[in-house]
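Single-structure report; data block below.
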Amino acid sequence: MTTSPGGPETKGRTAEVDINPVSASLEVAGKPGHFNKSLSKGPQTTTWIWNLHALAHDFDTQTNDLEEISRKIFSAHFGHLSIIFVWISGMIFHAARFSNYYAWLADPLGNKPSAHVVWPIVGQDILNADVGNGFRGVQITSGLFHILRGAGMTDPGELYSAAIGALVAAVVMMYAGYYHYHKKAPKLEWFQNAESTMTHHLIVLLGLGNLAWTGHLIHVSLPVNKLLDSGVAPQDIPIPHEFLFDNGFMADLYPSFAQGLMPYFTLNWGAYSDFLTFKGGLDPTTGGLWMTDIAHHHLALAVMYIIAGHMYRTNWGIGHSMKEIMESHKGPFTGEGHKGLYEVLTTSWHAQLAINLATWGSFSIIVAHHMYAMPPYPYLATDYGTQLNLFVHHMWIGGFLIVGGAAHAAIFMVRDYDPAVNQNNVLDRMLRHRDTIISHLNWVCIFLGFHSFGLYIHNDNMRSLGRPQDMFSDTAIQLQPIFSQWVQNLQANVAGTIRAPLAEGASSLAWGGDPLFVGGKVAMQHVSLGTADFMIHHIHAFQIHVTVLILIKGVLYARSSRLIPDKANLGFRFPCDGPGRGGTCQSSGWDHIFLGLFWMYNCISIVNFHFFWKMQSDVWGAANANGGVNYLTAGNWAQSSITINGWLRDFLWAQSVQVINSYGSALSAYGILFLGAHFIWAFSLMFLFSGRGYWQELIESIVWAHSKLKIAPAIQPRAMSITQGRAVGLGHYLLGGIVTSWSFYLARILALG
């Protein structure tokens with residue numbers, strides 16, 4: 001191991017970086033396929049372009065050196081961050097330059113957000129609708145305006161500065177990626193130092209990140225939003241640097257500011273309860289969470305993460321060792337427990353990525369549900385289009401990330417799993433019990449599928465025969481979700497009890513309580529549950545379990561199975577076990593991801609359908625003269641969604657009227673997308689239903705015709721491989737299906753307002 005030259009600071013210890021390890025060459029980097037000896041020769045056949053895409057980021061195929069792979073991944077992270085900063089900059093620039101943000105700030109109930117104006121080239125300006133006060137543009141549903149208001153941005157200069165700042169950050173990140181690969185590249189030991197990594201992530205990123213955001217919320221967001229809520233015009237509100245250190249200005253809004261830091265140092269922290277609160281529920285002015293609750297929440301997280309970050313043994317020889325924690329973690333039925341997993345997670349980035357993807361995918365789904373039950377930003381709750389979009393967006397992200405977790409778990413099993421390291425630990429025992437696990441999971445899927453779908457089939461039969469008294473419904477044979485109702489009641493009444501003694505209210509109105517109206521629209525209310533909810537819940541359970549069955553089977557059988565004992569030698573993706581063995585196709589780890597994605601699509605689609613209809617029926621609506629609510633679909637969920645016919649008639653057909661009739665209106669783009677995405681989806685079936693041989697024969701006859709005309713191409717055309725065909729089919733299937741449903745949702749909710 002080499003040490004860095006010179007300087008007393010490195011004396012006696014090894015350097016953590018290599019200086020100038022890889023020369024930077026635009027000539028090399030600009031050559032397609034430079035990372036692969038075969039690809040770098042250029043295309044001989046059309047297969048080259050497919051292999052180029054498949055292998056460009058598959059660093060394992062480019063080198064066996066774990067340090068080099070680690071450096072490439074680390075460098076790529078900075079490139080990824082750079083792209084994110086450019087994306088953020090673009091959104092904020094649009095808000096500053098092309099939007100009605102300032103009009104929306106002044107009257108968020110009378111204006112719809114728009115940050116996109118379509119140019120009138122051949123009539124596309126029909127897409128620009130009047131979103132309020134005469135501003136014509138495309139209504140956006142990203143939540144951009146709500147988060148900018150929540151952050152306290154009221155001045156064009158702030159938005160332009162943020163947009164430019166994000167571009168500067170993008171350049172810095174891009175340079176950092178270059179610097180940490182070509183100039184000073186970390187050594188493998190640096191990447192494998194789990195304790196220092198945890199300390200840095202917990203204290204610096206999460207702890208100080210939360211603390212910094214708490215500071216912003218208290219010193220910028222709270223005063224600006226309080227002034228906006230009290231009716232002060234945005235242009236009359238001073239920009240942050242004008243009041244940041246003006247305690248008199250702040251004390252007028254939050255009196256405890258007059259006391260400065262004295263309450264903090266005298267442990268009289270309760271004095272700050274005017275801006276660090278525990279109110280619960282939603283602010284009746286904006287329909288969002290109380291900004292003071294949000295500040296309190298982030299302060300608590302900051303304290304927790306900073307304390308947690310001091311847990312691990314780094315420079316001073318005190319604290320926990322990650323390896324020791326794992327090796328001492330044994331249960332009565334887990335053999336050697338987590339022994340060996342430290343080695344797994346420090347030598348296989350696929351294993352670590354699998355855990356992170358599954359975790360963050362689950363977080364994304366949790367975020368989707370929190371965004372409507374506890375809308376964090378001002379006036380988000382009554383912007384139904386944005387509410388819907390944020391739910392659908394985070395559900396799809398969650399689904400894809402979880403499947404990605406299974407993909408990298410299978411890659412880990414094929415490429416990185418070492419049986420010698422995993423002896424009788426939890427991973428080894430999972431593999432030894434895989435037949436039991438899969439057969440039980442299969443039984444659960446069969447049970448859930450027949451019983452949950454059977455309830456719907458029963459109801460369709462009874463309704464078709466004119467026997468409503470024999471249906472499963474709230475008015476006949478009831479299947480009430482009593483446990484869910486119990487949890488709702490428990491949470492609705494939690495404030496002031498021993499479980500939440502300091503809370504002034506429940507965390508969400510979804511648990512119970514009267515509707516909260518903002519501008520005459522329901523921001524949130526009690527989400528009542530009944531037989532229809534019990535039934536669709538079990539459909540969700542069925543689809544989740546089938547998706548998990550496919551993914552878990554792919555992971556547990558990635559290395560071997562009774563059918564193909566030497567599967568590990570065939571790699572992560574292979575079409576079949578050679579030409580001599582029939583019936584071995586679609587058994588690779590890759591194929592399980594391929595199949596799992598279809599079921600993930602089914603699963604998330606029904607979740608989104610459920611959410612969209614349920615909210616229209618039982619939550620979203622306008623206040624009527626009697627103090628009640630006129631719901632968008634008049635509460636038809638409970639009786640219509642309990643039959644398959646009801647789903648087809650009252651949801652898919654009845655609610656697609658807006659997108660089907662959108663031509664000639666500002667929503668016509670959604671009609672075009674709806675039609676085009678159906679075509680893309682149908683086009684996918686051509687790839688999924690036909691085999692490679694058909695296309696190769698067709699190509700050869702076409703090449704023959706070109707040769708006769710002496711216009712044969714230099715690059716030999718070749719049909720896609722079986723795996724490539726499946727990938728292209730899957731991509732079109734998912735793209736077509738998701739865009740079809742997305743355009744349907746948006747056209748309807750924007751038309752209803």
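Cβ atoms are placed via backbone N, Cα and C, with glycine included.
Features reported for this protein in Swiss-Prot:
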type	residues	note
TRANSMEM	73-96	transmembrane segment
TRANSMEM	159-182	transmembrane segment
TRANSMEM	198-222	transmembrane segment
TRANSMEM	294-312	transmembrane segment
TRANSMEM	349-372	transmembrane segment
TRANSMEM	388-414	transmembrane segment
TRANSMEM	436-458	transmembrane segment
TRANSMEM	534-552	transmembrane segment
TRANSMEM	592-613	transmembrane segment
TRANSMEM	667-689	transmembrane segment
BINDING	His678	chlorophyll a' binding site
BINDING	Met686, Tyr694	chlorophyll a binding site
BINDING	Trp695	phylloquinone binding site
TRANSMEM	727-747	transmembrane segment
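Sequence features annotated in Swiss-Prot and their locations in the structure.
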{"residue": "His678", "record": "chlorophyll a' binding site", "DSSP class": "helix"}
{"residue": "Met686", "record": "chlorophyll a binding site", "DSSP class": "helix"}
{"residue": "Tyr694", "record": "chlorophyll a binding site", "DSSP class": "helix"}
- Query: Do we see three or more Cβ pairs under 8 Å linking the transmembrane segment (534-552) and the transmembrane segment (73-96), pairs being at least 6 apart in sequence?
  - Reply: no
- Message: Applying a 10 Å Cβ distance cut-off over all chains shown, what neighbour count does Tyr694 (chlorophyll a binding site) have?
- Response: 11
- Item | Euclidean distance between Cα atoms of His678 (chlorophyll a' binding site) and Tyr694 (chlorophyll a binding site), Å | 25
- Message: Would you say the transmembrane segment (667-689) and the transmembrane segment (388-414) are in contact under the rule of three or more C-beta pairs closer than 8 Å, pairs 6 or more apart in sequence?
- Response: no
- Note on the structure: Here the Cα-Cα span from Met686 (chlorophyll a binding site) to His678 (chlorophyll a' binding site), rounded to a whole number of angstrom, reaches 14
- Item | CB within-chain contacts under 8 A for Trp695 (phylloquinone binding site), separation at least 6 | Ala719, Met720, Gly725
- Residues from the same chain, set at least six apart from the ends of the transmembrane segment (349-372), whose C-beta lies under 8 A from its own: 69-70, 73, 380-381, 387, 390-391, 393-395, 397-409, 411-412, 415-416, 524, 611, 615
- Message: So if I draw a 10 Å sphere around the Cβ of Met686 (chlorophyll a binding site), how many other Cβ atoms end up inside it?
- Response: 13
- Task: Inside 10 Å of the Cβ of His678 (chlorophyll a' binding site), count up the other Cβ atoms and send me the figure.
- Result: 15
